[in-house]
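What TrEMBL lists as domain 'CN hydrolase' is 5-245. Feature annotation from TrEMBL assigns active site, proton acceptor to E45, E45. If you look up TrEMBL, you'll see K113 marked as active site, for glutaminase activity. Taken from TrEMBL, the feature L-glutamine binding site covers Y119, S175, K181. Among the features that TrEMBL reports, active site, nucleophile is placed at C149. Per TrEMBL, ATP binding site is recorded for G289, L290, S291, G292, G293, I294, D295, S296, T396. Residues annotated as deamido-NAD(+) binding site in TrEMBL: N372, E401, K520.
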Amino acid sequence: MSDTLSIALAQINPVVGDVAGNARLIRDARAKAAEMGADLVVFGELCVCGYPPEDLVLKGAFLDACEEVVHQLAAETVTGPAMLIGSPWRMTDRTHNAALLLDHGRVAATRLKHHLPNYGVFDEARVFTPGPSPGPISFRGVRLGVLICEDMWFADVAETLGESGAEILVVPNGSPFEADKAGIRQEHARNRVAETGLPLIYVNQVGGQDELVFDGASFVVNTKGEVVCDLAPWASEVVLTRWTREADGWNCEGPRAKPVSRLEGIYQAMVVGLRDYVTKNRFPGVVLGLSGGIDSAICAAVAVDALGADKVWCVMMPSPYTSTESLEDAAAIARLLNVRLDTVTIGPAMAAFDTMLAPLFAGREADITEENLQSRARGMTLMGISNKYGPMVLSTGNKSEMSCGYATLYGDMCGGYAVLKDVYKTTVFALSSWRNHHRPPGCLGPEGMVMPDRVITKPPSAELKPNQTDQDTLPPYDELDGILECLIEGEMSVPEVVAKGFDDAVVRRVWRMLDRAEYKRRQAPPGVKVSSRSFGRERRYPITNAFTSII
Ligand SMILES: Nc1ncnc2c1ncn2[C@@H]1O[C@H](COP(=O)(O)OP(=O)(O)OC[C@H]2O[C@@H]([n+]3cccc(C(=O)O)c3)[C@H](O)[C@@H]2O)[C@@H](O)[C@H]1O
Ligand SMILES: Nc1ncnc2c1ncn2[C@@H]1O[C@H](COP(=O)(O)OP(=O)(O)OP(=O)(O)O)[C@@H](O)[C@H]1O
Ligand SMILES: NC(=O)CC[C@H](N)C(=O)O
């Protein structure tokens, strides 16, 4: 029986499906941990295939590849630290989400996830079979209680492990970022510690995967419920924790990280989400329309912070309605960010469509049709650049607009990825002011200002006709976002939202816009989740929907 143990926490950034590449990341992390003198290296959930693997798990060839890598990695543990890794794993014709202890050259123990999350962004019951509530694993004479991610969010698995003699709880995770989620995770961890009297190691993966981004933010909670070690969020890192058996249980010592503010967390989620989407899908860079407005300005700043200025291409596409202010502001943003800015005027496209459609539109007043054609001319221009040179088009619409359908299909909605899809306009204002004064770790953009103050303070306008502002069509953004948060994140009924102090007629109007715009959101590009209810798979309303009685 050992009275000391060195456990490394490996917060790595796997790529879903890249089993060979992930094996390299695992080996590199293990080599670092070996240098530090680790007995055991703990990785995140399903680190062999990346999380979430979704329907790849339904493919036999994929499972073969994962299992082959597990056996190769196991064979490498004849000497040096053991590893607790995660992989899909077949047993008696069923596929499980497993944690595997690799030690002494073999798969020394297998533990299966008991609670499969099947809500929000998670669909695990679709591809995995739940395992039985697991017993502890004996490792160098110490009984480790392994819970896999969702298993920590309930009391039963930890309770069983405690009753069967576990001494330290170890939790590999694939827990996607949401603003304010770090506190929720730690609360669940503290509850399990309080119920069992056992310390807990929480290891999460880091990096972006389609609409999800993982912040890492791994930590250790001691038997008193105190966080005694934590890893910096948003970075791959291997950290050593030293454990000593004492009269009242295992004591842990490890390094601490600096706390991160709420806005910094959201900003980093956008940066890391975009960086990994672009690099993991092997784009040479991104292109976006830079209007001089705040949405495209913050998108450009995020892109530069994620990829570096040389990978971000901005295009100003003025129309006859574009103000001098917008032209100046777009130029100023490009200067501050040090990015390429081209100007492509859309006047000729507008004139060409007017001429082409004149016979069909004769006798009809100019209306939103012509406005949308401008937006589509810009979308076509960006898609043309993307096709010709390869950069992916960034879509700049924010969550307030996506909620209300305040965006043009095949116009400003076109693109490969939407940086602000889950970020309300009021948060866009806050993030823009914040980024002008802070450059978070790992960001590649300028230390100082990224946009002139005027971009933040001027009234938002689509500039699709003279003197237009967003507030001609939408309620003021403070009011709109307050209502939307109640309807979307809060799932409240109209009377419940009104009871919060909002105007009845405005709430009903916003609710109708939200409901009606479902068809647009279904055609929108993916974008990083930062809230507790993002659009996409986490909010599945029917498009054809005659149910109105919720008001
Ligand atoms: N249920 C449904 N299923 C499938 N398609 C449906 C549909 N309902 C309408 N449609 C179709 O959708 C089309 C209408 O949508 P769309 O063409 O996009 O046009 P629409 O939504 O009518 O107009 C675009 C709105 O976005 C605003 N905008 C545009 C550009 C930039 C900004 C900004 O400041 O960021 C704002 C603009 O001021 C206007 O309020 C029509 O073809 C209609 O038939
Ligand atoms: N003159 C323009 N030049 C380049 N891109 C433009 C121009 N106008 C609009 N766009 C693109 O279309 C998107 C929709 O912008 P629009 O100006 O209509 O309203 P917005 O949502 O307030 O965005 P922004 O705050 O960036 O102006 C912009 O973010 C930008 O990417
Ligand atoms: N991978 C999982 O089991 C994730 C579910 C868990 N509730 C989380 O988000 O942290």
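Cβ coordinates are placed from backbone N, Cα and C, and glycine is handled just like the others.
In TrEMBL, annotation is done automatically, which means it is predicted and not curated.
Feature map: TrEMBL annotations on the structure.
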{"residue": "E45", "record": "active site, proton acceptor", "contacts (Cβ under 8 Å, 6+ apart)": "Y51, G86, N97, A99, K113, I148, C149, P172, N173, G174, Q205"}
{"residue": "Y119", "record": "L-glutamine binding site", "contacts (Cβ under 8 Å, 6+ apart)": "none"}
{"residue": "G289", "record": "ATP binding site", "contacts (Cβ under 8 Å, 6+ apart)": "S296, C314, V315, M316, M317, R378, T381, L382, T396, D412"}
{"residue": "S291", "record": "ATP binding site", "contacts (Cβ under 8 Å, 6+ apart)": "M316, M317, T322, S326, A330, E463"}
{"residue": "G293", "record": "ATP binding site", "contacts (Cβ under 8 Å, 6+ apart)": "S326, D329, V455, P460, S461"}
{"residue": "N372", "record": "deamido-NAD(+) binding site", "contacts (Cβ under 8 Å, 6+ apart)": "T408, G411"}
{"residue": "E401", "record": "deamido-NAD(+) binding site", "contacts (Cβ under 8 Å, 6+ apart)": "A407, K425"}
Legend entry - S175 (L-glutamine binding site): tally of other CB atoms within 10 A of its CB: 27
Legend entry - Top Cα neighbour of K520 (deamido-NAD(+) binding site) in the set of binding-site residues S175, K181, D295: D295
Inset, instruction - Go through K113, K181, K520, the listed recorded positions, and name the one with the sparsest Cβ surroundings, counting other Cβ atoms within 10 Å. - result: K181
Inset, instruction - Write out, in the order they occur in the sequence, the residues of the chain not among Y119, S175, K181 that have a C-beta within 8 Å of the mean position of the C-beta atoms of the recorded L-glutamine site. - result: P117, G120, V121, F122, P176, E178, I184, R185
Inset, instruction - May I ask which residues of the same chain, at least 6 positions away in sequence, place their Cβ under 8 angstroms from the Cβ of D295 (ATP binding site)? - result: T396, G397, N398, L420, K425, V428, P460
Legend entry - Of K181, G289, S291, G293, D295, T396, binding-site residues neighbouring ligand 2, Cβ under 6 A: G289, S291, G293, D295, T396
Inset, instruction - Express in Å, rounded to the nearest integer, the largest CA to CA distance found among the L-glutamine-binding residues Y119, S175, K181 named in the record. - result: 16
Inset, instruction - May I have the list of same-chain residues other than G289, L290, S291, G292, G293, I294, D295, S296, T396 whose Cβ is within 8 Å of the Cβ centroid of the recorded ATP site, in sequence order? - result: L288, A297, C299, A300, A330
Legend entry - Around the Cβ of C149 (active site, nucleophile), the count of other Cβ atoms that are within 10 Å: 28
Inset, instruction - With the Cβ under 6 Å from ligand 3 as the test, give me the qualifying entries from the recorded positions K113, C149, S175, G293, E401. - result: C149, S175
Inset, instruction - Sort G289 (ATP binding site) into helix, strand or coil using the DSSP assignment. - result: strand
Legend entry - Other residues, Cβ within 8 Å of N372, E401, K520 Cβ centroid (deamido-NAD(+) site): S375, G397, G405, Y406, A407, T408, L409, G411, D412, M413, A517
